[in-house]
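Before any comments, here is the structure.
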Amino acid sequence: MELEQLLNSVPEYAKDLKLNMGGVLRQTELTEQQAWGTAVACAIAARNPQLRESVLGEAAKHLNEQALFAAKAAASVMGMNNIFYRFRHLSTNPKYGAMPARLRMQVIAKHGSDPIDFELWCLAVSAMNGCGVCVDSHENVLREKGVSEEAVLAAIRIASTIHGLAAILDVEADPIA
């Protein structure tokens, strides 16, 4: 389903999310690649099949193959890392923090896309997944590389809007809810 068609199916009570989606993808703080890569990574992380397929379909018009690969890779590796590092952060046992991760994360260095864009996508997914350690880490890297706080927040607007839309689409797809 086309993204516009999917957004038009959003119920009236979630109209703000529908309208926000149109706006957050056109924020001037982000390049087109940054915005659509963020949308792809977050739509994958949101785990709603309709939203994921609609965003991927539209994003293919705005991203080259390498950027699309990198956005998918960001969602993939953050899906793993956010759980691992959030556990280490939340656990009161200090031994876990000293133990090695022993998880492959080579795609972080070998995604083939713009490193700042990839970092931004990782940040957005980390925010969705609630990993404070990862959010701080990615935000610090972005700020050190000169990315503005406005651009960081623009990516988070995309993440929050996609997260909200996924929740509504899940509810509307389940007649029991």
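Heads up, the Cβ atoms here are built off N, Cα and C, so glycines get one too.
Annotation comment: Swiss-Prot describes CYS131 as active site, proton donor, evidence class sequence analysis. According to Swiss-Prot, the feature active site, cysteine sulfenic acid (-SOH) intermediate maps to CYS134. What Swiss-Prot lists as disulfide bond is CYS131-CYS134.
Within 10 Å of the C-beta of CYS134 (active site, cysteine sulfenic acid (-SOH) intermediate) we count 23 further C-beta atoms, all protein chains included. Cβ neighbour count for CYS131 (active site, proton donor) (all protein chains, 10 Å cutoff from its Cβ): 24.
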